[in-house]
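According to Swiss-Prot, the protein carries these features:
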BINDING   GLY112, ILE132, GLY133, ASP134, PHE135, VAL136, LEU137  S-adenosyl-L-methionine binding site
Amino acid sequence: MKFDILTLFPAMFDGPLTESIIRRAVERGFVDISLHNIRDYATDRHRVVDDAPYGGGDGMVMKVEPLAACIEAVKAERPAARVILTTPRGRRFDHDAARELAGYEELIIVCGRYEGIDERVRDLFVDDEFSIGDFVLTGGELAAMVMIDAVIRFIPGVLGSPGSAEYDSFADGLLEYPQYTRPVEFRGVQVPGVLLSGNHAEISRWRRQKALELTRRVRPDLLHKAELSSSDRDCLAMLEREGEP
């Protein structure tokens, strides 16, 4: 999968895109990531990429010409690439959105800055817009990093275990169950006995119940769209009767 990131601050991506799973994905040829400095496409001697907004107001707006030139240069090499803009105005980026974007072979991610971009960039070039939450960041670079990390997890072969992405939190609409590893006891706190039993059916049942409990307590809104079986609903009803928080 090919990612082209359009940004005013390419150095911000050192580290997040050069370590851990993303680094291994690049080294193994599953992912190709290129950074493009929008400022390189400014045509004036001072390489200006922003200007005051028409109509007045605070802050500056990213100019259309450098952005257009940068997008067109990348699209000339990858005409089928989907152009994504990171912006608070976008639709919510979540587990399903990450899976959706993983279905594309080429993505161009435009990182917004300042008070936003000239609207004509949206009108002429952008295919989709995403926001990672109801808050404002200094720029779209951090959002782009989050999105790339989440999308890459769905690329076959990237994760060590083929089922890892499918068992993550949100994969089936629920938060993930609690995880434990050695030692069995730490400062008086024991690993639940069922996880040591070797009974895979009981372990699966325990994990599902804990996922339901956690989701009900922390993110009850997720239950409205989760894929719940009749036994899941029975478990939730039992928790309600027992007054579990």
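Positions of Cβ are set from backbone N, Cα and C atoms, glycine also.
Distribution of Swiss-Prot features across the structure.
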residue	record	contacts (Cβ under 8 Å, 6+ apart)
GLY112	S-adenosyl-L-methionine binding site	MET62, LEU85, THR86, THR87, GLY139, GLY140
ILE132	S-adenosyl-L-methionine binding site	THR86, ARG92, PHE93, ALA143, VAL146, MET147
GLY133	S-adenosyl-L-methionine binding site	ARG92
ASP134	S-adenosyl-L-methionine binding site	PRO88
PHE135	S-adenosyl-L-methionine binding site	PRO88
VAL136	S-adenosyl-L-methionine binding site	PRO88
LEU137	S-adenosyl-L-methionine binding site	ALA143
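For the recorded S-adenosyl-L-methionine site, residues GLY112, ILE132, GLY133, ASP134, PHE135, VAL136, LEU137 set the reference point as the centre of their Cβ atoms, and the other residues of that chain within 8 Å of it by Cβ are PRO88, SER131, ALA143.
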